[in-house]
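See below for the structure under consideration.
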Amino acid sequence: MSGLRLEGKIVIITGGASGIGADAARLFTDHGAKVVIVDVQEELGQNVAVLIGKDKASFYRCDVTNETEVEDAVKFTVEKHGKLDVLFSNAGVLEPLESFLDFDLERFDRIMAVNVRGAAAFIKHAARAMVEKGTRGSIVCTTSVSAEIGGGHHGYTASKHGLVGLIRSACGDLGKYGIRVNGVAPYAVATPMTSHDEVTGKQLEDYFDAKGILKGMVLKASHVAQVALFLASDDSAYISGQNLAVDGGYTVVKPSRD
C-alpha cells in the first residue's frame with residue numbers, strides 16, 4: 001500500500017499527549033490528516049501539536065470523564081475544520097497490581113469513568129457529529145489483550161472487557177449511518193501509562209519480551225499506531241465490530257494467569 005491513507009481527514013485522538021496517542025498523532029498527520037489532540041496533560045499535548053506543526057495539529061484540553069467537556073471538544077473540532085471523520089479513543093488509565101481481596105473500589109470507579117464512560121461519551125458525540133454531516137466515519141478504540149484474558153489489574157481488565165462490549169454495541173447501532181467502530185488490542189507496551197519511576201522503559205520492554213510469544217522484536221507504541229491507522233482509513237472499509245489484536249500471538253497461546 002502507498003500514498004496518504006488519511007488525506008483530507010479530520011481526526012480526534014484522545015490521550016494524544018503521550019504514548020500510543022502521540023505516535024498516532026504524528027503518523028496520522030504524516031498520512032494527510034489534520035488532528036486534534038485531546039488530553040488532560042496540557043503542556044505535553046501542546047508540545048506534541050507544536051512539533052507536528054500548527055497547520056496539521058492542534059490541542060484541546062479535555063477530561064474525558066466530563067461529558068460537557070467531551071461535547072465541547074467535538075464542537076471545537078467541527079467548528080475549526082468543518083467536519084469529523086475519525087475518532088481514535090485512546091485515553092486510558094491503569095491501576096497497580098493488587099489482590100482482589102484488597103480491591104480498591106474508589107480507584108475502580110475512576111478507571112471505569114475514564115476507560116469506559118469516557119470512551120462512551122466520545123463515541124456518542126463523535127457519532128452525532130458524523131451523522132449530522134453525513135460522514136461515513138471510523139471510530140477506533142484502544143482496548144487491550146486484557147479484554148481477552150484475566151489478570152491482576154482487576155479494574156483495568158474489567159474496563160477493557162466493558163469497552164469491547166461497547167464497541168460491539170455501537171457497531172450494531174451506528175452501521176446504518178455508515179460509521180465503523182473497531183478496537184485495537186495491544187500486548188504490553190512501555191508507555192508513560194505502564195511505566196513507573198523505579199522502572200525504566202527498557203526494563204519493562206525486557207520483561208514484556210520475556211513473557212511474549214513473538215521473539216526478535218519488542219512491541220512499540222508506533223506498531224499500535226500503525227494498526228489504528230489501518231482501522232481509521234479506507235483500507236479497512238468493510239471492517240467493523242472487531243477487536244484487532246496486536247499481540248504477537250499472545251492471547252492464542254498464553255494461559256490467562258501466566
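Glycine residues also receive a Cβ, built from the backbone N, Cα and C atoms like all the rest.
Feature list (source: Swiss-Prot):
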BINDING   12-36  NAD(+) binding site
BINDING   Ser144  substrate binding site
ACT_SITE  Tyr156  active site, proton acceptor
Those residues of the chain, 6+ apart, with a Cβ under 8 Å from that of Ala24 (NAD(+) binding site): Ile13, Gly16, Phe88, Asn90, Val224, Ala225, Ala228, Leu229
Phe28 (NAD(+) binding site): tally of other CB atoms within 10 A of its CB: 28
Conformational class of Ala24 (NAD(+) binding site) under the three-state DSSP mapping: helix
Integer Cα-Cα distance in angstrom, the residue listed as 'substrate binding site' to Gly32 (NAD(+) binding site): 27
Which listed residue (Ile12, Ile20, Val36) has most other Cβ within 10 Å, given these are binding-site residues: Ile12
Pairwise Cα distance for Ile20 (NAD(+) binding site)/the residue listed as 'active site, proton acceptor' [Å, integer]: 17
Spatial neighbours, same chain, of Tyr156 (active site, proton acceptor) - Cβ under 8 Å, 6+ residues apart: Val93, Leu94, Glu95, Ile111, Asn115, Ser144, Ser146
Lowest local Cβ density among Gly16, Gly32, which the record lists as binding-site residues, within 10 Å: Gly32
